[in-house]
Amino acid sequence: MSDSKEQRVQPLGLLEEDPTTSGIRLFPRDFQFQQTHGHKSSTGCLGHGPLVLQLLSFTLLAGVLVAILVQVYKVPSSLSQEQSEQDVIYQNLTQLKAAVGELSEKSKLQEIYQELIQLKAAVGELPEKSTLQEIYQELTRLKAAVGELPEKSRLQEIYQELTRLKAAVGELPEKSKQQEIYQELTRLKAAVGELPEKSKQQEIYQELTRLKAAVGELPEKSKQQEIYQELTRLKAAVGELPDQSKQQQIYQELTDLKTAFERLCCRCPKDWTFFQGNCYFISNSQRNWHDSVTACREVGAQLVVIKSAEEQNFLQLQSSRSNRFAWMGLSDLNQEGTWQWVDGSPLSSSFQRYWNSGEPNNSGDEDCAEFSGSGWNDNRCNVDNYWICKKPTACFRDE
């Protein structure tokens, strides 16, 4: 056994990294081969097998190293390509930003334009402007009509007064009332254009002069009262004109004008109803007759006292619409059979027709009057009913 020599092969060295380079270098540390001694045979040739394997391993490692180096050299190129792509993206974003900035401004201008179009349409439909324009046109036509009447000097003054009245009316706060005044002036124009007597024209001129002074100081309640009085006098003056058809027309127009001024100048509290210069309240709760009188006094009013057929019809309609039995300020508590209002005035004989059939019958000591159905009924005063209060509108109340 000592004669034979053992083949010894130094194994392939470990791969190491050369710290002096930025790349990676792999190499075999030592390749030592032990020559075989003895006979050259197939067995001896086979002793070279490990050497072949080592060469193959070295070749494989060299190929891997080359591939790694290729990839490493490609990295700066890809980084450069990525940087150029970022530059392109940045430029595109810059252009997009500028475009969006212009688009936003343009869209805002478009929006402003549309708003102006809508505002133009809205302003064009404003009732105040159109109504004032119509009032101006009507007064211009009235000027032409009045200018053709016989008394030039007086009619010219009337025209001037109406012009000033136009300016005063143009400053009134409620647009709907401006429209009412415009309609009334239109009717008045037609009536004045056909007045037959110069003396009556003079009276109208004087009344319009007073009306101008009153309208010029409209905010004061005392002046509102003056307007009412002047219109009443004007109504009386026109009522004396000889032409009956024109009298009636002008009277009706002045009545309507008075109503329009009352609605414009006078106000009722919330939940109260305006009618012919007064405010009316129908309660939502029930009390006996005496407590109803007290309830009205507590709000500066009076359990309703009826003064005219028009007022009776209005109140009867209000009561029937609400389907409520309601106390009025009428009783015969002081003397049985003698009906008297709470203000001390007696019941007019012309009002007897408003009692329901068979009433008053004093059945069961019934001494207080109520609205019942389509007329009046007497009832016991301790019965709980709704009640109706009445008071003048604010513009006619003494300060």
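Cβ coordinates are placed from backbone N, Cα and C, and glycine is handled just like the others.
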According to Swiss-Prot, the disulfide-paired cysteine of Cys268 among Cys279, Cys296, Cys368: Cys279
Cys381: disulphide-linked cysteine among Cys368, Cys389 [source: Swiss-Prot]: Cys368
From the centroid of the CB atoms of Glu359, Asn361, Ser363, Glu366, Asn377, Asp378, the recorded Ca(2+) site, which same-chain residues not already listed sit within 8 A by their CB, in sequence order? Gly358, Pro360, Asn362, Asn379
Under 8 Å Cβ-Cβ from Ser363 (Ca(2+) binding site), six or more apart in the same chain: what's there? none
Quick one: among the binding-site residues Glu366, Asp378, which has the most Cβ atoms sitting within 10 Å of its own Cβ? Asp378
Using a 10 Å cut-off on Cβ-Cβ distances across all protein chains shown, tell me which of the binding-site residues (Asn361, Asn377) has the largest neighbour count. Asn377
DSSP three-state call for Ser363 (Ca(2+) binding site): helix, strand or coil? coil
